[in-house]
Structures are given as C-alpha cells and as structure tokens.
Amino acid sequence: PYREGTKCKFWTLRGSGTQRCNRKAAMLRWLVAVATVVVRSASCDAVNDGTGVVLDMDADSFASTLQEHPFVAVSFTASWCGHCKRLEPEWAKAAEILATHKNDPPIVLAQVDCTADKNAGLTKDLDITAFPTIIVFRDAATDGEVYDGPRVADGIVDALRTLAAPIVEPMKNVHEVRAFVRQDPVVMLAAFEPGAAGLKVYETAARHADIRFGLVTDASLLPELDLPGEEDIVLMYRSFDERIVRFDMDFTVENLKRFVDAKSLPLVAELDKTPENRNILRRVFEFRAPKIIAFINFKNATERDGIKSAMRDVAALDETKYRFVLGDNAENEAAMKYFGVSPDLLPAVVLHETETDKKYILHRAEPKGIAPWLAKYDVGSLDPSFKSEEPPNSNDGAVKVIVASTFEALVTGSKANVLIEFYAPWCGHCKKFAPVMEKVGHKFASNDAVVIAKMDATANDVLDKRFIVKAYPTLYFYQAKTSKVILYDGDRSEMHLIGFVMKHSGETVSHKEDL
C-alpha cells in the first residue's frame with residue numbers, strides 16, 4: 001500500500017468530520033450526473049490529462065483566479081498523499097462532465113500542490129492541515145467554504161451544482177413551477193411574500209440541504225394544491241410515498257433541516273441502478289443512520305410486498321432512526337456477497353452500522369419477525385454477524401492461513417509475533433508477492449515466537465479495526481509483547497521483510513546461514 005502520512009485523510013459528507021477512506025465505501029456509491037460548465041483561466045495553467053480540464057493554481061495566480069471566476073472549487077493536495085492520488089482522476093472526470101453542460105455561474109475546478117515551496121504560505125494562511133482538502137470560493141472572497149461532499153465524479157458534479165445554484169430558485173409562473181417539481185425526485189417549494197420573516201430561515205436551511213429549494217410569491221402558483229389566500233407555506237414535493245408533505249413545525253432552521261432529513265427520502269428505497277434512483281440511493285447510503293437492507297426474490301410478489309410493508313411500518317415510527325432499502329437478489333449478488341448473505345437462506349435482512357461497519361444478518365426473514373429483531377438490536381441483545389471462510393483442515397504450511405473466525409485466536413490472542421498479509425485472490429500484486437511470503441515463512445518456520453500468515457480480505461471480514469485494509473496486499477505486524485499493531489510499508493523483498501520481523505520481534509530466523 002501507499003505510504004500514508006498522519007495528515008492524509010478523507011473528508012466525508014454531511015458534517016461527519018474526517019475519517020480515513022475505506023475501500024468498502026465503494027458499495028455505497030450510487031450517484032447521478034448533473035451539469036455545469038468549466039471555464040479555462042488565463043491567469044493560471046490548464047492541465048488536460050484526457051479526462052477533463054482542471055486549473056493548476058499556485059500562490060501567484062490564486063487571487064487573480066478568484067477575481068476572474070465567481071465560483072471556484074479548489075482541491076488542496078500533497079504529492080505523497082494516497083487519497084489525493086485517488087481523488088485526482090475523479091476530479092478530472094468531474095471537470096469533463098461539467099465542461100459539457102451549462103450553468104450560471106460557471107463552475108471552475110482547480111488544484112493546488114501544497115508540497116510546492118512557493119505554496120507553503122498559502123497553505124498556512126488557509127489552515128490546510130488535511131489532504132485532500134477542497135474549498136469552494138465565491139465572488140473573489142478568499143475565505144472559502146470547506147466542501148465535505150462526495151469524492152467520486154458524479155457525486156462531485158451533483159454537490160457542486162447544488163452549491164453553485166442560487167440558494168433559493170425564484171419562479172414567476174405556473175409553467176416554471178410545474179417544471180421545477182417534476183425535474184427531481186424531491187424538491188422544496190415555498191410561498192413567501194417579499195421580505196417575509198420566514199424567508200431568511202428558508203434560505204438558511206437551503207444552504208445546508210442537498211436538495212433544491214424553490215420560491216414563489218403567490219400561493220396560487222403552488223401546483224397540485226388549492227391554497228387560496230394562505231401565506232408562508234413550505235411544501236416538499238416527492239416522486240415517492242405521499243406526493244406532497246407540508247412543513248408544520250415551529251419555523252426554525254433546525255426544524256426545517258430535520259424535516260428535510262426525515263422526509264426527503266422514501267421510507268423504503270429500492271436497490272437498483274436505474275438513473276432516476278441513483279440520486280436517492282446515494283443520499284440514503286450517505287445518511288449516518290444504520291441501513292436496513294433486505295434481499296428478496298422480486299419474482300415472489302407476496303414475499304416482496306410482505307417484507308416491504310413490514311419495513312415501512314417500522315420506518316414510519318421514526319423516519320431518521322434507520323434507512324430501509326429493498327433489493328432483488330438476482331440484481332444484487334455482489335452486495336449480498338459483500339455483506340455475507342447466503343443465497344440459500346433468503347429472504348435476508350442486513351443491518352449495517354455505517355460508523356462501525358458492523359453487520360447483523362437475519363436469514364430466512366419473515367415480515368412479522370423484522371420489528372422484534374430490530375427491537376433486540378435496540379437493546380443490545382444482537383450479536384454482530386461477520387463473513388468468514390471455513391478454517392483449513394490442515395494449516396501446516398510455511399504461511400499460516402487465517403480466517404475471520406480464527407483471527408483472534410491465531411493473531412491478536414496468540415503468544416507469538418505475527419506478520420500477516422491481507423490479500424485478494426484476483427490481485428496481481430498479491431500473486432507476485434506470494435512466493436516472497438513463502439520464503440519468509442520458511443526462514444522462520446522453526447521459530448515458535450514468529451508466525452507468518454495471510455488472510456483473504458475479500459472472503460473474510462477484518463473485525464479488529466486496528467488493521468485497516470485499503471489496498472492489496474496490505475501487511476501488518478502484531479507484536480505479542482505489547483499488543484502493538486504495526487503497518488509494514490517498506491520494500492516487499494524477502495530481505496526487507498525478514499529485517500522488519502527481526503526488528504520488531506527481537507527474534508531471528510531459523511538458521512543463521514539464512515541471514
């Protein structure tokens with residue numbers, strides 16, 4: 001894996017702070033592409049790598065670029081940062097998408113290399129302490145807004161479009177209003193007279209939302225309703241569940257934000273790849289609440305409708321406690337494998353804790369059993385499920401085979417020091433590295449204080465969160481005496497690995513002539 005510095009972090013959506021990028025987040029990337037335009041800047045160099053145009057800014061061109069463009073999203077990167085390298089092609093792809101469409105104001109994507117000496121002062125002035133950090137600058141102001149949205153191309157475009165659009169979109173006639181409520185799966189639409197006290201609250205809430213907010217000054221323009229003479233009306237129009245939902249709480253920013261969180265997603269979303277559903281699913285999986293995902297044979301309508309109805313009943317009790325998703329097993333085999341769901345034990349319901357990555361599985365689920373099962377989770381009486389291969393019948397090789405169910409006993413609970421490789425069977429680097437591990441294993445074969453081991457990280461969950469696996473192969477050393485977990489990020493040669501093991505274990509190889 002790449003060398004990861006202490007400040008190399010990945011920011012996540014919706015104010016959840018910073019956390020290290022997880023390879024498993026790919027399962028949650030259901031996104032929708034939207035459109036804007038990128039304009040080249042004459043005050044800095046344009047870099048085109050074949051997938052899009054990104055402005056290459058530095059301390060000299062920074063102020064003039066912000067003066068020239070009203071909306072600039074800048075990625076502050078470090079050349080050694082693995083997350084920055086992962087973001088780079090997505091950033092370029094987003095630029096390509098933006099360049100094929102129109103938006104007012106134009107959205108410009110740029111990048112600054114914070115490791116360049118000339119940019120050190122700029123990096124310090126903007127208090128850049130984590131990489132990559134993305135900041136949105138508006139109207140030549142140098143005190144930008146930290147972007148904490150998606151880091152894949154479609155999601156970047158979607159989020160930047162929302163940020164670049166007017167906070168609230170005004171409409172003057174029924175044709176504009178009807179088009180507005182039909183364009184997206186969910187939108188907010190309000191009727192306020194000019195200068196109304198509630199308008200400021202509405203605009204502030206819109207700034208923090210990831211759905212569009214519209215505005216009319218005449219309530220008679222609100223479609224699909226008859227509200228003559230009413231004022232200060234706030235509605236949500238949806239393409240799912242109840243079509244129109246009216247905001248009827250005390251009119252505060254926090255209440256309106258809670259309303260948007262609770263009502264802007266269906267009680268039960270469907271796990272498919274249709275373009276119209278991608279935006280909804282992206283927002284479902286980005287929501288911090290645990291996800292309840294049911295895998296069902298959609299050809300069995302009775303089974304599908306029964307499970308869905310049971311999930312809706314639970315969801316309706318508290319719309320933000322969980323997020324419910326229903327998927328056809330035939331269309332979601334990869335997701336089932338990821339969560340460890342057995343195809344022979346369907347229907348199955350998975351509870352996935354987003355923050356901890358813990359999974360709880362109810363196989364052969366019945367509609368009447370879902371609510372009691374979740375009630376057990378609420379009081380802490382459910383044990384997490386985990387994906388594990390069966391232990392091998394024989395484990396006498398130079399490299400010991402570890403599975404999830406034996407990890408504690410053979411690694412963190414062992415009295416021996418353990419060098420363990422997390423690999424993927426399909427990984428070319430892992431295949432090339434396997435003979436090296438075998439040689440290292442043979443060198444320590446007669447030393448009971450050292451174990452050389454491997455685990456297929458695609459078939460087994462890594463339950464101990466000290467072992468962070470983001471790439472293959474990833475190697476860790478477990479030091480038995482101190483229980484310390486040490487990432488190996490050196491050269492993958494036999495000599496370097498032996499030296500690493502000897503250094504941290506205090507042990508030597510089986511025979512001195514092997515050194």
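A Cβ is built for glycine as well, from the same backbone N, Cα and C atoms used for every other residue.
Note that the coordinates shown come from a computational prediction; the quantities given were computed from them, not determined experimentally.
Taken from TrEMBL, the feature domain 'Thioredoxin' applies to 31-165, 377-515. Marked as disulfide bond by TrEMBL: Cys81-Cys84, Cys427-Cys430.
Cys427 (disulfide bond) sits 22 Å from Cys81 (disulfide bond), taking the CA atoms of both as reference points. Secondary structure of the domain 'Thioredoxin' (31-165), assigned with DSSP and counted as helix (H, G, I), strand (E, B) and coil, comes to 46 helix, 32 strand, 57 coil. The average pLDDT computed over the domain 'Thioredoxin' (31-165) stands at 80. A straight line from the CA of Cys84 (disulfide bond) to the CA of Cys430 (disulfide bond) spans 24 Å. There are 20 other CB atoms within 10 A of the CB of Cys430 (disulfide bond), with all protein chains counted.
In the structure as shown, the Cβ atom of Cys84 (disulfide bond) sits within 10 Å of 23 other Cβ atoms. Of all the disulfide-bonded residues given, namely Cys81, Cys427, the one with the smallest number of surrounding CB atoms inside 10 A is Cys427. Each residue contributes its Cα atom, and for Cys81 (disulfide bond) and Cys430 (disulfide bond) these two points are 22 Å apart.
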